[in-house]
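Heads up: the structure comes next, in structure tokens.
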Amino acid sequence: WIMGHMVNEIYQIDEFVDLGANSIETDITFDDDAIAEYTYHGVPCDCKRWCTKWENVNDFLHGLQRATTPGNSKYRPELVLVVFDLKTGDLSSSTAYKAGNMFAQKLFIHYWNAGNNGGRAYIVLSIPDIDHYAFISGFREAFKNSDHADLLDKVGYDFSGNDDLSATRNALNKGGVKDREHVWQSDGITNCIGRGLGRVRDAVANRDSSNGYINKVYVWTIEKYVSVRDAFDAGVDGIMTNEPDVIVDVLNESAYSSKFRMATYEDNPWETFKYK
């Protein structure tokens, strides 16, 4: 999965897919009532990027729906996965539940078109703080108490704060997520700073073990050729990047083209792939 980073205006969906992304990451901010408000990152952000692009969340979800609905004039079949980077920093552990519940309702109405031929992309809820596991509980309850519980089949979970893996596993379990139940594990830092791959390798080992909790591992945010090769060598499933075309270039190198390929809609993002 080549994951276009910080896609916060509708026009950027096409921009990043045109560069080779089959996945995008979008920032979500919340108002004082814990309701998702804008697709906005703010400063500081990655080097060589504008930090202040934004849309109203509802408008962005409609644009995303058009890009991921077969038959729509804006449909981009390559775009199969969306990571929502949930800016929960101003939430408390108690308001996190409400925020998750309300965000589920927004997705249901504005992305899934109230269950009637909405967008088809898989969704990953990415939360920076393991103490906000109640966001997941609230999100899941919104669907479990409805006639559309099947939409949870399209939803996965990630904690992005680079916490200890055992603490991350515990937070997922507290949120109601079983081991290997649609779990993506991220590791990374802004592209302005280098970061080693020690925790990435630990996450990959967990993914590949008989008693792990992880389905997929991705690293963020990298675009240097050497860093991309190192990530491939570490066995990641996804790379979040500001320059998808760099990932495509490396993917086409002889050392990697026989081992990796771009994920398509037919590839289940919740299924652990065993590297040979």
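Using N, Cα and C of the backbone, Cβ positions are placed for all residues, glycine too.
Site annotation for Mg(2+) in Swiss-Prot covers GLU25, ASP27, and the matching candidate from ASP85, ASP90, ASP129 is ASP85. When Swiss-Prot is consulted, the disulfide partner of CYS45, picked from CYS51, CYS192, turns out to be CYS51. In the three-state DSSP reading, ASP27 (Mg(2+) binding site) counts as strand. The residues near the Mg(2+) site, meaning same-chain residues not in GLU25, ASP27, ASP85 whose C-beta sits within 8 angstroms of the mean position of the site's C-beta atoms, are HIS5, MET6, VAL7, ASN8, THR26, ILE28, HIS41, VAL83, PHE84, LEU86, SER126, in sequence order. Proximity to GLU25 (Mg(2+) binding site), judged by a C-alpha distance within 10 Å, picks out HIS5 from the recorded positions HIS5, HIS41, CYS45, CYS47, CYS51, CYS192. The most densely surrounded of the disulfide-bonded residues CYS45, CYS47, CYS51, CYS192, judged by C-beta neighbours within 10 angstroms, is CYS45. Looking only at the recorded positions HIS5, CYS45, CYS47, CYS51, the one with its C-alpha closest to ASP85 (Mg(2+) binding site) is HIS5.
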